[in-house]
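So that you can see what the record holds, here are the features copied from TrEMBL:
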TRANSMEM  21-39  transmembrane segment
TRANSMEM  45-62  transmembrane segment
TRANSMEM  74-97  transmembrane segment
TRANSMEM  117-138  transmembrane segment
Amino acid sequence: MSIPAQKQSLRTRVFGTEWQPIVVGFAIMALTAVVGASIGRMDVAVLSPAAGGLAGGFQYGKNTFDAAAVGFRIGFTLAALAWVGSFVFILFFYFLYSSGVEWGDTVTTLNNYIGLFSFRGLGYVPLSGLLGIVGSAIGTNIRRIFVPHEYNPPLY
């Protein structure tokens, strides 16, 4: 498989055939999470997959079942990327600033961090997918109800 075909295949696997709602949902989810975390409201940051799914589902607007797949891609993919990125960030700064600590304490503390962070991530990433599904289903139905019929895409 050639390099351009591999890139196209990866893009299709991550974004699906309709990539615009996924990108819009990613942007809204990331913006909501950053704003929520910066103002100190972690409940807003945790509910950011629902906001991203709502925006992506509103833009997609075809049917609820396909919009649920779009919302799952929005919530699950970006939450998994954020979880892995923050995990690497924590490990990097932990090793950067813990070079003067004895190895026994470092390994014990590192194991505690890994266990706690993995446990929270295993709950948050699927929850983000579920929130994205709910948000996109609501967004699609809102578009179908309030946008005039001639501006909506066909159902299938």
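Cβ atoms are placed via backbone N, Cα and C, with glycine included.
Here the transmembrane segment (45-62) has Cβ contacts under 8 Å with residues 18, 20-22, 24-30, 32-34, 36-37, 70-71, 74-75, 78-79, 124, 127-129, 131-140, 142-144, 147, 152-156 of the same chain, all six or more residues outside its ends. Sequence-distant contacts of the transmembrane segment (117-138) (same chain, six or more residues past either end, CB-CB distance under 8 Å): 25, 29, 46-47, 49-54, 56-57, 60, 64, 67-68, 70-76, 78-80, 83, 87, 90.
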